[in-house]
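Undergrad: Sharing the feature lines straight out of TrEMBL:
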| type | residues | note |
| --- | --- | --- |
| TRANSMEM | 40-60 | transmembrane segment |
| DOMAIN | 41-266 | domain 'POPDC1-3' |
| TRANSMEM | 67-87 | transmembrane segment |
| TRANSMEM | 93-113 | transmembrane segment |
| REGION | 315-359 | region 'Disordered' |
| COMPBIAS | 336-345 | compositional bias 'Acidic residues' |
Amino acid sequence: MNYTEPSPLTESTAIDFTPELESIIPVPSNETTCQNWREIHHLVFHVANIFFTIGLVIPTTLHLHMILLRGMLTIGCTLYIVWATLYRCALDIMIWNSVFLGVNILHLSYLLYKKRPVKIEKELSGIYRRLFEPLRVPPDLFRRLTGQFCMIQTLKRGQTYAAEDKTSVDDRLSILLKGKMKVSYRGHFLHNIYPCAFIDSPEFRSTQMHKGEKFQVTIIADDNCRFLCWSRERLTYFLESEPFLYEIFRYLIGKDITNKLYSLNDPTLNDKKAKKLEHQLSLCTQISMLEMRNSIASSSDSDDGLHQFLRGTSSMSSLHVPSPHQRGSKMKPIEEGVEDDDEVFEPVSPNALKVHQLP
């Protein structure tokens, strides 16, 4: 076996080149801790992180939560760009934070656009404040409801909105904005319609059960009137795409029908009294609600019972009844439990007209 001894020149050359190779070729380190910590970054860096922290701890229950969050992130990214450009000289940090800044500015602009004050027409502001705003309908949604498929129409005094047994109920739904309308049945006065009330809510409700019907009453403008009118078909399609508004309309129309039932037994009911119906019920309204319940309960189909009651009440209201004390029946106090319609109303002889008040 040949064996060659290393020469001293070769050993010295290898020893001389070892430090240079170590400085050129990176040697991996197995240490897990930092030996030499760098100096603390500039104050701008820490202020940027403070804004990030504030944005992340904003509670989600706050009304402007998302706007404040995006605002804090925008300020933080801006300070990061300043720090990376002026104090760190790091191009990659500056570029990434510029991208984050652009995204946050776009999102913040969109949120501010959604929160912009929506201007509602002065003529429609009354029905929004009285009917829709208490039910938390956003102004932008109300504007969509009234801006696309409805119009404001005018009727002069004496003109007819709907004629009995002639006008179809399938065409429209209207809310009175200004003036007063008079509802009559076969020439007999029933009740008035005042501003911020639906004109044809009972008919709108009845067409959900039966199509192709005609108005059973005549509606005439008692003053110069202006009303908001929706196309029935287009309104139905819109409400199908907006479940929240669909429930709002169901509630408003049901409440309006109830107010009209109250006014059938109280011809002196005016707009101020109508506002207090939810809190103060007169004897007439109690009788009216009891009749409605008994009429519905006596029918196997509740919708047919309600429809029958609406027609029956119109016929009864055509007679002049100045007060509930002149009725030919008296009411017994209603006890809890099962009750019979015959036990609630008992016929009274003409010679004895004693009135028993409700408890």
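Cβ atoms here come from the backbone N, Cα and C positions, even for glycine.
TrEMBL does not curate its annotations; it predicts them automatically.
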Undergrad: Give residue numbers and ranges for long-range contacts of the transmembrane segment (93-113): same chain, 6 or more residues beyond its ends, CB-CB under 8 A.
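TA: Contacts of the transmembrane segment (93-113) (Cβ under 8 Å, skipping residues fewer than 6 from its ends): 66-67, 70-71, 73-74, 77-78, 80-81, 84-85.
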Undergrad: Over the domain 'POPDC1-3' (41-266), what is the model's mean pLDDT?
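TA: Summing pLDDT over the domain 'POPDC1-3' (41-266) and dividing by its length gives 90.
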